[in-house]
Every structure is written in structure tokens, then in C-alpha cells.
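Colleague: TrEMBL feature annotations, pasted as is:
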type	residues	note
BINDING	Glu22, Asn26, Asp68, Met73, Asn81, 88-89, 111-116, Thr162, Arg313	ATP binding site
DOMAIN	11-172	domain 'Histidine kinase/HSP90-like ATPase'
REGION	1-313	region 'A'
REGION	525-606	region 'C'
Amino acid sequence: MKQILKIIIHSLYTHPEIFLRELISNAQDALNKARIEQLTNKNFSGTETSFEIKIQVDSKTNTFSIEDTGIGMKEEELINNFGTIARSGTLEFLEELKKKGSGSEAGLIGQFGVGFYSVFMVADEVVVETKHISPNAKAYRWKSMGESDFTIEEIEKSAHGTKIYFTFKENAKEFSEEYRLENIIEKYSNFADFPILLNNKQINKIGALWRKKSSETSDSELNEFYKFITNDTEDPLGHIHLSVEGAVVNFKALLFIPKEAPWDMTKWFNEKGVHLYSNKILIQRECKALLPDYLRFTRGVLDTIDLPLNVSREFTQDGPFMIKIKNILTDKILKFLDDWAAKEPDKYKIFYSNFGPLLKSGINSDYTNRDKLIELLRFESSLKGKGELVSLKEYSMRAKSGQNEIYYIAGDSREALEKRPNMEYFRKNDIEVLYLSDPIDMFILPGISEYDKKIIKSIEKEDISLKPEEKIEKPESAINKSLLALFKEVLTDRVMDVVESKRLVDSAVTLVAGKDSMDREMEKMMKMMNKDYRSSKKILEVNMEHPVIKGMSQKYIANSSDPLLKKYVLNLYEGALFVDGELKGDMAADYVRRVNEIMEQAISSK
Ligand code: ADP
């Protein structure tokens, strides 16, 4: 524990001022709990105190104290909350810090809030005096040097709440200056729900920003507010100010879209949400019931006068009232994004690259808004430069006349996709192909199956309907037939079929998936999820116009049992596997050996 504490103190040292933010935020939570207790508990026995946070600082004595009239702590809470620092949040913070290295502290502190222990950055010894709000609660004094053990004793204290005090360390003396603390409070806590008094003067002035008219809020206020509620260090990418007055629900909301995705989305989205207020009183932090999972990137506050304060958890989870709010918010956010996509494509692009994967997951979970979500999809495209994104609508609008399919190909990088033999036909004929590089797209696009009456198809499957005039509709010659039969014979166990290709231009052969099989990227993912997954057999398409194939026909006519033919077939097939990154282990060795044999023969025949 000592070591952990040292690391915390050391790694946070670049921002020791956050100790104040953490103490204020704890005091604020405690006040909120007390206020709700007072408003909802009929047997409330706490004193009718004013809810406020008092801070006293003295530069002559270097002393500091912060006092709240909040809920306070019972003895065991005091021990559990402050007695152990190996709490999960702290440990995760450290692990992440180790991974990211120093320099990333500021952002991480924002995401974790290492809490009370940050006071040991500025003080050697800290005293906490507290009394719980419950009737007949006793008061306690807790004292600790941080690194060593703590002591706890019973004391006399009249009001419920908590007081924390200490003397600043030598190298933290700057914080005993009143103006310095004033600046920090303005920076981090300007929107606190309760008055913060510094040496008896109220510092925070702004309060419930979401209750102001949107025309009366400035950008800098909004940015500051966002940082206050999220602990993010960056300004948000955008915000939505809502005032809804309806028959069923009335609410005001101030929602934000962050500029950057968090380091661990999954964790973040499980824990974050929009704060729920009832008439300016915080009811629930990070209320998850307010938004569908796929919109969890949204942060902010929602304040309604329709919700009773003593709202039960079940009520907030999925009561009709919450569902109504959720539907309205979803609708507004999707409209907002659609607007961005149309009018501020650069912003939308930033948003999409950060939160696109999450947003897309809604297509498979929210059938009511499925069509709207589909309009929000963006992809790279063979007709556009790297990094440029297109929508399905754009694709559909510029599709060639008579083209009733939307084509896509999936893979890790654009560069690799451009080189795939299956792209040749489309490139030659200027037919647009969407490049899918986000693995989630593979779960989304095939499921959409149709857009604007055009079937969505992977170009790595056998059943694409190439435009009739482009098809090479020559009757299959006898010799071609026999040659394909030879391919089939040699490759019996390895492929599903061998067919003449209508799409290859420069390559001799390519592998495609059967129309009922998954295409390659999908299979790659199945393999990642299940080691024992076996790929389905592919169809080998052969380009009859290719010089190598033509040469093989000549050889076949001269001597249909020439052993070289079999070698060529194997090498063409394995070459196609190689291109797909599927030539593994001893197959690769066999392949190279055969290539060398063929080269040897070519060299010696000269
Ligand atoms: P966090 O606030 O992230 O939970 P902290 O280390 O800051 O972590 O605080 C631990 C816990 O101690 C809080 O969750 C809260 O229950 C309790 N606590 C801290 N400060 C106060 C306070 N001023 N009044 C009442 N309880 C408090």
C-alpha cells in the first residue's frame, strides 16, 4: 500500500491542484445525499442546515480546512473508504498509467478521479472529522500520514457532515494563498450545485447552466461546464441544448459529444451516462437508463420537474416515463448527428472515427431507429481518396444505371484491398466498391442486405451480377471445359468448385466465397473468436484470357497428361491462397519448392 500511495502521489505530482477538486467533489456528493435524505425521509432527524461547502485557508499558518454539512460517515465507512487505497479504481488507474507512461496523467486523472488520496500530494498528515446524518450517530476523528497506518477516535461534533483539515507540505505552500485556491475553484468547480465559500466568500457563481436559455450561454461557459461534469481535459466536439415541454414529460438537457474516445470504451460505457436532476437536485449520477447503449458517448445533464425525488431505482430503469425521455433524447441526438454529417462533415468525421463503432452497434439493437442509423454510416470508397468517407445514399445516387447492387470488400487496410484480384473488374469498369476496414462493419452491412432497392454484396462472393454488357458471354470452348475439369480433378478436396471468371482482368485466378458462405473477413473474425473454426471451401475462378491459362491450354492440347500441368494448377491455387494470406506451414514450403522446380525447368529449357 505504501508503494501504491507513493506512485499515486508521484505520478499526480504534475497536477497537485486536483486535490481541491477531489475534496470539493466529495463534499458535493455528500451534500447531495444529505439533501435527498432530508427531502425524502419522513423520519429525517438531521439538523436543518444550509447546504454549503466551507473552505478556510491561511497563508500565515499554511493551514487548510474544508467542511461540509453532508451525509457524513459511520465508523466503518470511514475505515473502508479512507482506510484502504487498493480500491479497484485506484489500481486500474495505476495499471493504465503504467501502460501509457507518464505525460498522460492529466487525462487519466480526469477519467478516474483518484479521490481523497490526492490530498497526500499536498499534506503529510490529514485529519478527517465526521458525523453521519442518521439519528444518534457518533462522531469520529480519523488521522493518517498516508503511508503509515491511521488512527480513529470518538469525538464530540454537533452537526452532521465532514471536516477535513491539514497543514500544507513545504513544496505545496502556494496553495495556502487564497487567490490560488480561488482560481482552482473557478477552474474546476464553477458549476457546483452548492455554494462554495472560501474564507467566507462565495466563489462559484454559475450554477445550473442547463436552465439558462441557449442564447444566453457562451461557448466558454459550455466548455467549462462540460469539463466540470466529465473531468475531461479537452473541450467537447459539440453540444445539444434541449428544452422539451410536452404532455408527458418536461425537461431541460445539456448534452455533449466528447472530442476523444476514452482509452477503454467498454469500461467507460458501462459506467458513464447522463446525470439526472430533478428540479436542480442531482438524483442520479451517470444515469444509464436515459440513453440506449449505442449512444453512451453522450455526456451531460438532464433536469426534469416531473420526477419525484424519492424515485426508486426501478422507476428510473424502465418506467414509461424514462422510456419516453429515452426516446426523445435518442431522436434528438440522431437528428443532431445527421445534421452534422450534412453540414459539418469534418466534425462528423472526427466523431465517426471515435464513436462510429459504438453508434453502428445500434443498427442491430434498435430496430425503431435502424433506418436513421443506416443513413449515418460512412465508408471509404474505391472512387474516393484515402480518408474520404461516403454514405450509402451517395453511393446509390451515383451508381451506374442498371446497377442494382452495392458492392463492398472488407480487409485491414485500403492498400491491401486495392491490390485484391477481385477488385480488377470493378476498377476497370469504374464501379464503386466500399472499403470496410472497421471489423464491426462486417457484422452490420451484411445484415442490412438492401439499401434503396439495391442489394448489398461482398465482391468476394460468387454470385455478383455483373452488368450484362460487361459479361464475357462467349460459349465455353471444349478445351476450356477440359482444362477446368483438370483443375477440378487436381483440387477436388480443396475447393468447392472451379469456374470461368467473369471479373478478373490482370490476375490468372482468384478465390471467392460461395453465395451461402461467409466471406473472408467474416471468417477471419470467426477464427479469432473460435480457434476450432474451419473455413469453408472457396470457389476458384479462372481467367481464361490470361496468358498463363492460355499457355496451359496449349500444353493440354499437346499432351493432356503432361505432369507439369498438375504443378501449374497447384501453384495457381496456392498463389491465390498466398495473396489471401492463407498459405501456411508446410503448404508454403511445398509452394516454394514447386516454384523453384518450374523455374529450373524454364531456365534449363533456354
Ligand atoms: P471516490 O469519491 O472516487 O469514491 P474517494 O477516495 O474520494 O473516492 O472517497 C471514497 C469514499 O469516501 C466516497 O465514495 C464517499 O463514500 C466517502 N467520502 C469521501 N469524502 C466524503 C465526505 N466529505 N463526506 C462523506 N463521505 C465522503
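Here the Cβ of each residue, glycine as well, is placed from N, Cα and C on the backbone.
Mind running through what each feature is packed against?
Modeller: Residue density at Glu22 (ATP binding site): 19 other Cβ atoms are found within 10 A of its Cβ, drawing on all protein chains shown.
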Colleague: Going by DSSP assignments with H, G and I as helix and E and B as strand, what are the residue counts for the region 'C' (525-606)?
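Modeller: Across the region 'C' (525-606), DSSP assigns the residues as follows: 55 helix, 5 strand, 22 coil.
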Colleague: Let me know the DSSP-derived helix, strand or coil state of Asp68 (ATP binding site), please.
Modeller: strand
Colleague: Along the region 'A' (1-313), what average pLDDT does this model show?
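Modeller: The answer is 82, the mean pLDDT of the model over that range.
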Colleague: Which state, by DSSP, holds Asn81 (ATP binding site): helix, strand or coil?
Modeller: helix
